[in-house]
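First up is the structure itself, then whatever we jot down about it.
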């Protein structure tokens, strides 16, 4: 399946496919299947890039969840009780690590948003987050329109944003609704119920259904979006995922011995909460979605939908759209004029010209 067969906008219907070309009768083996081996060798040599953002109030286990996802000490959280003051403004911090498993390299960038929703007045607290996402689109666009550009443009665009919903047991808060409405138009959003072990199974399911109703009522289109299902297999798989979103998750980065085997989990006086046990939480569904089944699809939608929408708007604003065959104006706008569709000013900073391979 060609991952690039997506319409440039979710509002546009797919074009009817042209009549298929009849297969040519072959007289013998040619070796076409070797192309797959070539792609695999090249992919393992180049490695993969994946950029994830975690958003939510302090104390919801964002850092622990990232460490649990990748089974590494990707992010170190500040332990409670050290007198660390709450940030007065929203800050964004990014860390990049290279994770290797069975010869496959993954360049992982995690962006945390400490201070989100922690203030008494949270008006426009989403502006720095949306501005950061659009700034990464702008950096990629400025590299893309250069006459002489790098063979491999470093991709810092946010491929997925995991939004942590507090386990209140009621419904989405006005802050959640307002932020998700803005965020889902710019990036792939996967909401999760944080610290789900604080809810009973009945409370968890009722909370999930109320959140799903909130998402439908306020037209919040979270990932995986229904309009991007490419075939019947996608529809079957994604419909099951959509029915379970938001996933009720528990994070833990310590191993415990249970029935003679080591498991990741949280130890309580009632027992061990196993994060990879579906009877305890839905962390395996989140892990499979982000890594095992939909990682490349998250990157494809980011490039072909969200970034493409941003690129078209920016080129229209800057009058850089081609006016005829072969015509293109490559002069970028001045930094003070680089505005996103939401009038957030982006000043392009220094770029890390890292090598293609890592």
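Just so it is clear, glycine is given a Cβ too, placed from its N, Cα and C backbone atoms.
So that you can see what the record holds, here are the features copied from Swiss-Prot:
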REGION    1-25  region 'Disordered'
COMPBIAS  6-18  compositional bias 'Low complexity'
REGION    46-319  region 'Interaction with SEPTIN7'
DOMAIN    46-317  domain 'Septin-type G'
REGION    56-63  region 'G1 motif'
BINDING   56-63, 89, 115, 195-203, 251, 266  GTP binding site
REGION    112-115  region 'G3 motif'
REGION    194-197  region 'G4 motif'
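Listed binding-site residues: 56, 59, 115; maximum Cβ neighbour count within 10 Å falls on 56.
For the region 'G4 motif' (194-197), the DSSP counts in helix, strand and coil order read 2 helix, 0 strand, 2 coil.
Within the region 'G3 motif' (112-115), the DSSP-based counts of helix, strand and coil residues read 0 helix, 1 strand, 3 coil. Note: residue 203 (GTP binding site) has non-local neighbours 169, i.e. same-chain residues 6+ apart with C-beta under 8 A of its own C-beta. In terms of local Cβ density within 10 Å, 62 ranks first among the binding-site residues 62, 197, 200. DSSP assignment over the region 'G1 motif' (56-63) gives 2 helix, 0 strand, 6 coil. Taking the domain 'Septin-type G' (46-317) as a whole, pLDDT averages 90 in the prediction.
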